[in-house]
Amino acid sequence: MRLAASIAVALPVIGAASAQGFPPPVMGVTVVKSKYDENVKITYKENDICETTEGVRSFTGHVHLPPDNDYFGVYQNYSINTFFWFFEAREDPKNAPLSIWLNGGPGSSSMIGLFQENGPCWINDDSKSTTNNSFSWNNRVNMLYIDQPNQVGFSYDELTNITYSTINDTISVADFSSGVPAQNLSTLVGTGSSQKPWATANNTVNAARSIWHFAQVWFQEFPEHKPNNNKISIWTESYGGRYGPSFASYFQEQNEKIKNHTITKEGEMHILNLDTLGVINGCIDLMFQAESYAEFPYNNTYGITAYTKEKRDAIIRDIHRPDGCFDKLAKCREAAKEGDPHFYSNNATVNAICAEANSDCDKYLMEPFQEANLGYYDIAHPLQDPFPPPFFKGFLSQSSVLSDMGSPVNFSHYSQAVGKSFHGVGDYARPDVRGFTGDIAYLLESGVKVALVYGDRDYICNWLGGEQVSLGLNYTGTEAFRKAGYADVKVNSSYVGGLVRQHGNFSFTRVFEAGHEVPGYQPETSLKIFERIMFNKDIATGELDIAQKQDYGTTGTESTFQVKNEIPPSPEPTCYLLSADGTCTPEQLNAIENGTAVVENYIIKSPAASKGNPPPTTTSSPTASPTAGSAMLKAPVAMLAISALTVLAFYL
């Protein structure tokens with residue numbers, strides 16, 4: 001999901017923002033020039049910023065691709081400098097598999113996943129120090145976090161002076177030729193990307209083309225990763241429900257072209273040996289998931305009622321009415337099939353039709369929920385949600401951290417340029433060549449494992465819609481999967497973390513008491529699910545070898561809806577300067593703007609905020625805790641805050 005587009009800069013004193021926020025000079029990086037193309041290079045630096053386990057290495061860096069019209073089959077007259085953060089596995093990295101991690105957006109940084117969900121460390125509330133995450137996904141797997149497409153996070157096209165408004169949550173290109181303006185609580189300065197919407201991928205398919213070229217360079221020429229295990233997996237989240245299927249199927253198609261000698265260019269013939277696609281709370285296809293946006297706020301396992309049955313029914317009628325959401329989605333897809341068959345998004349007529357479908361579906365589906373003032377990413381939380389806390393933004397603003405990373409740009413966890421580019425062509429309304437559910441089917445037929453994992457408190461990409469996707473696939477195992485029942489996910493001797501339907505290589509899991517970013521809410525459960533899938537074990541128990549038992553299927557109930565949940569207490573409010581629009585009250589925003597707010601470690605201490613009201617419920621829905629002995633992480637976990645202006649088209 002989308003976060004505030006804040007640029008992280010230094011704020012070292014309480015109640016002021018006087019320090020200049022530009023990154024320090026880049027020093028001490030290793031430069032590796034490609035043996036295939038003199039204009040391609042990798043720059044990187046080893047550090048222990050987050051992973052502090054003795055003997056476990058980690059590296060930050062960029063893969064630099066020059067402007068080149070031939071790279072992607074589309075006009076690419078801009079440099080691509082793609083950021084990565086690589087963590088070796090804590091156990092046996094030489095023989096461990098590797099997983100790529102991608103957040104969604106479109107335009108969200110994968111640092112969200114690293115620091116808020118499954119990376120080696122949590123950021124403490126001082127925004128300066130870290131705590132080891134014992135449930136890190138790099139315990140047994142090499143992890144590669146990538147900021148993509150171009151201009152996302154630490155990735156950039158050209159270094160550009162910028163200002164950031166904490167009040168309006170916007171980045172603007174700045175001219176500092178007459179001097180750098182003084183910083184204050186509401187206006188910060190830094191170095192970022194050009195902010196040009198055309199200087200990045202403009203749709204999911206073009207992003208797939210771009211990331212494949214990154215992978216060709218990184219896996220062949222990054223000198224610090226020479227494993228015995230060449231398996232590669234992709235795990236992703238949210239808008240990654242589109243990224244993951246599209247990217248993985250594109251990788252698989254390119255593998256086939258390399259094998260049959262359709263691709264013969266030197267430096268582009270590395271087989272990416274795909275093993276697993278994992279999607280967490282994925283927004284995959286509106287045709288399957290649209291109705292869940294009407295149903296979930298009214299009918300969920302927490303007894304929360306964001307609106308009435310009459311409102312729910314009206315939304316569904318709007319979706320199905322002539323010239324409604326479904327009609328416009330169909331028109332977009334037909335227009336794209338005829339007018340943009342190669343998915344370049346360079347046909348203005350098709351772009352306009354699909355952008356209208358994208359916008360209208362947002363309107364039908366999202367506006368009724370906005371009135372409830374509930375969290376998009378956690379329906380049990382208020383809209384101004386301090387959980388997960390966004391302390392990683394301040395952490396990544398430290399000059400010492402930027403220096404250790406070797407980054408020439410400040411951190412921005414959301415790219416306005418990418419968001420504008422994708423939404424301008426109506427990317428969320430479009431499919432790719434097979435459609436994203438078709439991609440999943442293709443991967444399953446190709447022997448790739450696919451796991452759909454959904455937290456049951458998320459609204460924006462909720463589990464009801466995810467379940468519909470899982471049941472709507474058309475592949476050789478469709479009927480066997482549908483006949484499989486739901487089994488308990490046994491996390492430890494005292495805790496059941498969710499329910500899973502699995503047949504062979506395909507699974508759908510509902511994770512209890514988790515919002516959008518499942519690993520941040522339920523780190524132990526998420527790690528068990530992740531490792532069981534990665535190492536070919538059944539998700540329910542982790543005891544059966546699925547590689548040796550391809551006909552394995554879970555047994556149990558047909559539905560999970562009978563398992564109800566208790567509403568958790570509302571989190572204590574925390575107004576965080578670098579997520580002000582998503583965590584602060586109007587009074588606090590006014591204090592930030594006029595400079596009267598008292599700030600300590602980016603947290604607004606005065607004026608203070610009062611705790612929000614609990615969500616509305618209905619007495620007709622029984623509630624019961626799904627199990628005892630919850631393995632939820634209590635602290636310190638770094639998570640996200642959302643924007644009150646979020647719409648369906650923005651995802652993490």
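Glycine too: its Cβ is placed from the backbone N, Cα and C atoms.
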Recorded disulfide counterpart of C332 (Swiss-Prot; options C354, C361): C354
Those glycosylation sites listed as N474, N492, and which of them has the most Cβ atoms within 10 Å of its own Cβ: N492
Top Cα neighbour of N299 (N-linked glycosylation site) in the set of recorded positions N132, S238, N260, N347, N474: S238
Cβ atoms near N299 (N-linked glycosylation site) (within 10 Å, other residues, all chains): 17
Cα-nearest neighbour of N202 (N-linked glycosylation site) within the listed recorded positions, N77, N260, E517: N77
